[in-house]
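The disulfide bond feature in Swiss-Prot is assigned to 40-110, 56-64, 152-221, 258-324, 272-280, 370-443, 384-394, 484-546, 488-522, 498-505; the stated evidence is similarity to another entry. Annotation comment: Swiss-Prot describes 19-120 as domain 'Ig-like V-type 1'. Per Swiss-Prot, domain 'Ig-like V-type 2' is recorded for 145-238, and the stated evidence type is similarity to another entry. The domain 'Ig-like V-type 3' annotation in Swiss-Prot covers 251-351, and the record cites similarity to another entry as its basis. Annotation source Swiss-Prot lists domain 'Ig-like V-type 4' at 363-460, citing similarity to another entry. Summarising the annotation, Swiss-Prot assigns domain 'Ig-like V-type 5' to 464-563. Taken from Swiss-Prot, the feature region 'Disordered' covers 604-634. Per Swiss-Prot, the feature signal peptide maps to 1-18; the stated evidence is sequence analysis.
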């Protein structure tokens, strides 16, 4: 059962073999008697550099027989004509074989370690005879894209007869290609012809221009159509050019330099990639056309007849054969001259990974991490914007030396490059984003081109996380505090302020680092980062950035412009200015009001119901301690009100004490829970209608109040389910005491009102 289950799994999920990181030439065509050189690449790890390198030939049973290895072994077939050299610093080894014979044709492997263990690459070697006559057959060996002129002899008896050439196919059937009567096979149209020189010559020539791979094969020249016709056999070998090997890591960059010679210096050049259908898809040409598959990842230039193409952010599908040629319309065709490259993309890469897309919001910022070769610490780092135009290009925006001058107007206060020597990366920060900033950007250095990279910036909907005022105006000599608000998710991040210039953004010292003209401090509770500029001068004018970092990696930034103005005459108001986001100021003030208890004497004095106009007018004005009327009569009102009220309260306390002592034995034990609240005397009016509650506004379920800036919450619960109809309550001594206390409060309230009316009427 288990075996059946595993079989089903293998049927649904086929085994995926890991691609070998060893790379070499897939095909080699050579002529007999010449020599060949096979170059193989391997990942330059410490283990691979010291491991055995070998060149072996595959046998009919799948075994690979070693011919030569780096351990010093050389087979009998290779003695005296082969050698193997290892280049560990570049991760390559080269096998040279001299005095090639046709018997050397076959399938081989170049590898690292032990034969048949997977760390190898398959190579096919074809050795063809040189041009000449071999066993009565004329042999021609010409390069792909070249030209061949085949001589076809015949006897004088066939001078008046038709001359023709046919090509043999697999079943030994000969298909006519061309004849002297005017016929020409379509695939040879425009590039093949017959030349018959005079009427006395016993030889005609079959000429093929722009040789193609399909032209390789056996031909028959014939003069006359019957059995008496003259025939001659021809063997044509079209030699494929050995492509230049290009070994690159996944995510890195490559460059193809196409130099086809002075004869086509003014002809349009093209670069194409061979696909599985054996057609060549255009990558780019000198006419400005580019394949959309490489959008944002390709740069090309044509200088002095050399067509250079850079491809960055390499993908697995970028591997393959690339051809460069010349054609008037810039489209790929089988032409000569031609250059070829075989690109291998190593998926077991040590190249630093990074996002190919970064997203930002309007008004926000992005931080792009760019890799460079750690061995080139002193190289000039740059950042450019890729242009999707016919001429293409990538104009520089910023370098490690500062902002590019012709970009100052568009990127003033917005762009900076942080060079971080030693860790192999540099950071580019762009803030105050707009929708027009979307596009592709390239990370460049003037060193190793393989470390170039590109990133796509997308603008999405959203709001910036950091908030500052856009502009702050301050007068000379004043002190200004810039406030930057950050969300709680940045709580553990390092916050900073810096002053932007076209040379970079210089960090300002923190409060712990010493006092100076600019001091930074951060209030973690309110998530505010404050920058204080003391005694502002004209030199303080400019852009200031607030930002956050996670470790050594920059995250988000926001910019504010400080404008310094001359001191106004007679202004003399504030000696310091505080600039903060408006919404933060509102939230802070509201929070403070909510927690503040306003003690208004009016609550304890004037509590009788009044006309709305009087309540909105005179009473509020008189209660304002800041008004002149309130200050003028405050002392008289206090004396005339508080003294009689104190006497009445003392008398009331005495009466209540006597009554309670008198009925103490009959009074039930009462547990009183105290609470604090603000009470006005009007709360005691009609107290009997409310069950003599001391606080009419209090909820029967819960009571909450704020006093002295602290919150106290008291919750009380009662049983709302009536289980038995209550009997008519018998009035107890406790109730009599409560009624007496209520009557006293009502009387005190009336006395206080009469006393207040007296001074007001006076």
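Glycine is treated like the rest: Cβ placed from N, Cα and C.
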- prompt: In this structure, which of the disulfide-bonded residues 40, 56 has the fewest other Cβ atoms within 10 Å of its Cβ?
  reply: 56
- line: For the disulfide-bonded residues listed (64, 152, 488), most other Cβ atoms within 10 Å of the Cβ sits at 152
Message: With Cβ-Cβ distance below 8 Å and at least 6 positions apart along the chain, what are the contacts of residue 370 (disulfide bond)? List them in sequence order.
response: 381, 383, 425, 426, 427, 428, 443, 453
The domain 'Ig-like V-type 4' (363-460) versus listed stretches 19-120, 145-238, 251-351: most Cβ pairs under 8 Å: 251-351
Task: Give the one range among 145-238, 251-351, 464-563 whose Cβ atoms make the most pairs under 8 Å with those of the domain 'Ig-like V-type 1' (19-120).
output: 251-351
Task: May I ask for the distance between residue 505 (disulfide bond) and residue 56 (disulfide bond), taken between their Cα atoms and rounded to an integer number of Å?
output: 59
- request: Find the one among the disulfide-bonded residues 110, 221, 272, 280, 498 whose C-alpha lies closest to that of residue 394 (disulfide bond).
  value: 272
Field: Sparsest Cβ surroundings (other CB atoms within 10 Å) among the disulfide-bonded residues 258, 280, 443
entry: 280
Statement: Taking all protein chains shown into account, the Cβ-based neighbour count within 10 Å for residue 384 (disulfide bond) is 21
Message: Same chain only, sequence gap of 6 or more: which residues have a CB within under 8 Å of the CB of residue 110 (disulfide bond)?
response: 22, 24, 38, 40, 53, 54, 55, 93, 95, 120, 121, 123
